[in-house]
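**Student:** Here Swiss-Prot flags 4-97 as repeat 'Solcar 1'. According to Swiss-Prot, the transmembrane segment annotation covers 7-27, 45-65, 98-120, 170-191, 206-226, 278-301. According to Swiss-Prot, the feature repeat 'Solcar 2' maps to 101-194. The repeat 'Solcar 3' annotation in Swiss-Prot covers 204-295.
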Amino acid sequence: METVPPAVDLVLGASACCLACVFTNPLEVVKTRLQLQGELQKRGTYPRLYRGFVASVVAVVRADGLCGLQKGLAAGLLYQGLMNGVRFYCYSLACQAGLSQQPGGTVVAGAVAGALGAFVGSPAYLVKTQLQAQTVAAMAVGHQHHHESLLGALETIWRQQGLAGLWRGVGGAVPRVMVGSAAQLATFASAKAWVQERQWLPEDSWLVALAGGMISSIAVVAVMTPFDVVSTRLYNQPVDGAGRGKLYGGLTDCLVKIWRQEGPLALYKGLGPVYLRLGPHTILSMLFWDELRKLAGWGQHQGS
């Protein structure tokens, strides 16, 4: 893999993930609706407005129009830029310091970088979740916040809940991205090396990065989905006058309530759309990042 300065990795990582976000945001809208459907209700006791991936896409388009599939895109792009810029910058610093050469170092570096990125990007993810949950009353699932735009949502939350309100739900976001980042970066590097060792593809081919991203995406979805469901619930729940969540007290409380009231399988709600969103996003992000790093490395060689 090409070596580039951490500051360059910040720009490349943010750019790669923003590019991927443009393609995968419709899947994020569907995933959010499915994860909020039947909140804290036993299976079979609530109307299923969204059923599976294709039917859910149709339901979103009927309720919100074709543009409804790109709800929350601005917030999503802001989140991807902030979170992944910080994440790839910190990961690059760790690799530069030699941590990735130590046993388990890639996992640790990926987890720490993911935690820092999740904290920085949390306000954008909060708004993204709330915007994507919004729809007409007949198709509404979860609490409806009635925001008009990204900036309007940030202003409303700031005015009503203060600075702390912008980071509400961060307790669920940090472990979510920690496990996802550790799985993604560790398995991508290992998968790429494994594919290259077998010489199935030319060593510098973009197909190597594509194969690595596909393998990595399976690991990411497997470990990240329960935390993804919890994060969606924490970010979208209504709050009281003191800014405290009305439904969940935090990560552990949310996990326990979902398990007890909806059953353990509810932690994998929307698994199909989750993979259809996180899978392509992981594949595209890692592919774009790897190819942009090659271009940056080539540019450095040409300039020297």
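Going from the start of the chain as shown, residues are counted 1 onward.
Placed from the backbone N, Cα and C atoms, the Cβ positions cover glycine too.
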**Student:** If I take every residue in the repeat 'Solcar 1' (4-97) and average their pLDDT values, what number comes out?
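**Tutor:** The answer is 93, the mean pLDDT of the model over that range.
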**Student:** Can you tell me which parts of the same chain pack against the transmembrane segment (45-65), counting only residues 6+ beyond its ends and a CB-CB cutoff under 8 A?
**Tutor:** 26, 29-30, 33-34, 37-38, 71, 135-136, 138-139, 141, 272-273, 276
**Student:** Which residue counts does DSSP give the repeat 'Solcar 1' (4-97) for helix, strand and coil?
**Tutor:** 73 helix, 0 strand, 21 coil
